Amino acid sequence: MAQQEYEKYYVPDSSPWPIVGAVALFLIAVGAGNFVIEQTKGTSGYGGYILIAGFATLIFMLFGWFRNQIHESMTGLYSAQLGRSYRQGMAWFIFSEVMFFGAFFGALFYARMIAIPWLGGSGNNGATNEVLWPTFQAMWPLIETPGGTKTEAMGWYGLPLINTVILLISSVTCHFAHVALEENKRGRLKLMLGITVLLGAIFMSLQVEEYIHAYQEMGLTLQSGVYGNTFFLLTGFHGLHVTLGAIILFIMLLRIFKGHFTPDDHFAFQAGSWYWHFVDVVWVMLFFFVYIL
Amino acid sequence: MSTVTETLHHDDDHHEHHAPPAGIKRWLYTTNHKDIGTLYLWFAFIMFLTGGAMAMVIRAELFQPGLQIVEPHFFNQMTTVHGLIMVFGAVMPAFTGLANWLVPMMIGAPDMALPRMNNWSFWILPFAFLILLSSLFMEGGGPAFGWTFYAPLSTTYSGDSTALFVFSVHIMGISSIMGAINVIVTIFNMRAPGMTWMKMPLFVWTWLITAFLLIAVMPVLAGAVTMVLTDKFFGTSFFDAAGGGDPVMFQHIFWFFGHPEVYIMILPAFGIISQIVPTFARKRLFGYASMVYATASIALLSFIVWAHHMFTTGMPVFAEMFFMLATMLISVPTGVKVFNWVATMWRGSLSFEVPMLFALAFIVLFTIGGLSGLMLAITPVDFQYHDTYFVVAHFHYVLVTGAIFSIMAAVYYWLPKWTGKMFDITLAKWHFWCSLVSVNVLFFPMHFVGLAGMPRRIPDYALQFADFNKWISLGGFAFGLSQLIFLALLIKACRKKGEPVSDQVWEGAEGLEWEIPSPAPYHTFETPPVIK
Ligand code: HEM
Ligand SMILES: [Cu+2]
């Protein structure tokens, strides 16, 4: 092991940002909790305001924290070892996100492969079907629930297919941007990253379109049984992640215009691009398991 | 063993680090792993006393049959919040606190890999528990569906506070995930030169694997609470058969998190015991490599046994068989560990200082819990025992005399290193013996009432259980009081009372943390030691 690898590890001095972040999460949790209660009961209260205050605090915190960090990084306080810490930390964070989506995919598979067939009387569950909902037929997509709610299934052609193509292309452009950064071709980098962010934005607007279509024309809503539930929660959380990823990449673009990042030191960019690829992979899984199959 | 070649007393050669800021700011803004470790440990202890107070309410109500002290609904809130606090507020933060204090010192790192995030992960916790606790005062009361929050108890039949419960679990999860990422990255990336994988102390190994489990399953818990939230408030039907969902699906998702979670609460304990026993047996740990492999296989197996909590839900027979056999398989690596601890002591020159007393109690009593677990793992037998006090006895043996005793052993073992002073040994012995006797009066009879059919989570019971329950409650009160001795001892220790200790503290102690001065300086290993 090269001795140089163990040059002094940068341990930051005390910092106010983490506690600001903790307060932000506190406000978000309290606000969101009360907001949900107030919304569903139709009562009035401060939930929404607390929630907004929480997000504002969070953004303030991220701004301050990252400004510190960028400053430290640009003044050369960071070592290769610290860079590895950040990269590994990001990789494990993405793994945790994979598991989060895993919970919802698990729900999808369970409902589809186990719960619904059982309700339809398969295996030794004849009595379940007979006693609870004798007319219920097992099917997927579940366009008529045992309780009788009817809906339509979302096809995979049209918007979802276009969206798949868009995200796949954006993954490629994001990769090209990375290559351009490593080859120090700043013009190409700006172009490719700009295209990536733009494609992300188009994806999101088409997704919104699809939701409106689902709600207004197909009667596919959050309330229309486990098909709609898995559909909206999976695509919804994915959409949130796309939005977040696009915002991150947009900020990277701004930083690149300010001249940040060098061919061999660009952790923030790399983290953003990993995140983007991850979001793409999730989409491909979604496209297969939610839309096509 | 490893030796440190570089100079260790470099308190005065750092320039950009100032002394910690005075007052409250030090604790709010800190990035120091030792400060953060202390914060975690105190927080865990306060939560332990809070959750313990709720246990006292439970035992007071159960002192006699009939309803006398609290309303059944409040009783349910007490069992629920007691469980949540002990799991997420006491045991897990205590282990994270120990990891913060010890992992960098054990692997020769200057601090945790991501010190600011470290502080963030800690400070989320007090807020999360503030939300959870204050929800008890809401209209309709706090969460009352058990720490396992089974649907439809938590969806159709729960109160408004469920929304706050969900979001507080969310931020607890964020805290644990960030904490775990920090530990895992520290261990991967911050080991001093020469600290190879198979030289790492077992506490570090077990925490590495625990951190992996945490990152893998806390997000699944987040998914579970999210689905509870949407089912309750937004009309989804994940756990409602009328919409094509299934309440049993909730249990699958929950226990996919829940079973690895119980190992999250015991693997670091295994690590602690593996540090303490060799010291006081004055022998190397028997079977170091097998300990590492056993830990890893326990962790991997823990992903395929979850449905042993669901034997009575009506799963297909094949699934019942699979989960029964997989569960019993876990006993093998667990047995390896117990064997190795005993073999370490075999023909050692044993001495019985307080940490060793707790470690020995751990080995015996945890094994009792493991054996009752094995009984519960047998599907047809579990049909009888499920949801009785036998299960309560099982998990309190593994968690109180297991996880909690290991934490106490760890505190007694490393406290002199942290403060530089020996703790009050008389008080410590009182604490140990009072705890040891009362904990068994408290939990052992639960086996009997459980086998006889007393259901758990019910504020009243049939008359024939009255005598045992009286004893259980008395044991409970005694155990609760015994912890006040610990409180007194800790306050004394933090005020730096007591005899100064040597760097090594314990005669047989080996490892990097025993080679730095006592008390451990604010910054250690700013230049990494070279380990031979
Ligand atoms: C030898 C290994 C173990 C085996 C075979 C085992 C087996 C089981 C089984 C089958 C149950 C379900 C009982 C029922 O609800 O009917 C159970 C419950 C439980 N076990 Fe274990 N267990 C073991 C070790 C542990 C450890 C090490 C811990 C924690 C440190 C633990 C914590 C729990 C908890 C908390 C519950 C109850 C959960 C609840 O329903 O609230 N177990 N165990
Ligand atoms: Cu289990």
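For all residues, glycine too, the Cβ spot is worked out from N, Cα and C.
Listed in TrEMBL for this protein:
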| type | residues | note |
| --- | --- | --- |
| DOMAIN | B:27-532 | domain 'Cytochrome oxidase subunit I profile' |
| TRANSMEM | B:39-60 | transmembrane segment |
| TRANSMEM | B:80-103 | transmembrane segment |
| TRANSMEM | B:123-145 | transmembrane segment |
| TRANSMEM | B:165-190 | transmembrane segment |
| TRANSMEM | B:202-229 | transmembrane segment |
| TRANSMEM | B:249-273 | transmembrane segment |
| TRANSMEM | B:285-309 | transmembrane segment |
| TRANSMEM | B:321-342 | transmembrane segment |
| TRANSMEM | B:354-378 | transmembrane segment |
| TRANSMEM | B:390-415 | transmembrane segment |
| TRANSMEM | B:427-451 | transmembrane segment |
| TRANSMEM | B:471-491 | transmembrane segment |
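Sequence-distant neighbours of the transmembrane segment (B:471-491) (same chain, 6+ residues past either end, Cβ-Cβ under 8 Å): 45, 48-49, 52-53, 55-56, 59-60, 62-63, 408, 411, 423-424, 427-428, 430-431, 434-435, 437-443, 445-446, 449. When each of B:123-145, B:285-309, B:390-415 is checked for Cβ pairs under 8 Å to the transmembrane segment (B:165-190), B:123-145 comes out on top. Ranked by Cβ pairs under 8 Å to the transmembrane segment (B:249-273), the stretches B:39-60, B:80-103, B:202-229 are led by B:202-229.
Using a cut-off of 8 Å between Cβ atoms, the transmembrane segment (B:390-415) and the transmembrane segment (B:321-342) share fewer than three residue pairs, counting only pairs 6 or more apart in sequence.
Sequence-distant contacts of the transmembrane segment (B:321-342) (same chain, at least 6 residues past either end, Cβ-Cβ under 8 Å): 270, 273-274, 277, 285-287, 290-291, 293-295, 297-298, 301-302, 304-308, 310-311, 315, 363, 366-367, 370, 373-374, 377-379. Of the ranges B:80-103, B:202-229, B:285-309, B:427-451, the one with the most Cβ pairs under 8 Å to the transmembrane segment (B:123-145) is B:80-103. Beyond the ends of the transmembrane segment (B:285-309), by six or more residues, the same chain brings 198, 202, 205-206, 209-210, 212-213, 216, 251-252, 255-256, 258-260, 262-263, 267, 270-271, 274, 277-278, 315, 319-320, 323-324, 326-327, 329-330, 333-334, 336-337, 339-341, 343-344, 346, 376-377, 382 to within a C-beta distance below 8 angstroms of the stretch.
On the 0 to 100 pLDDT scale, the model's mean across the domain 'Cytochrome oxidase subunit I profile' (B:27-532) is 96.
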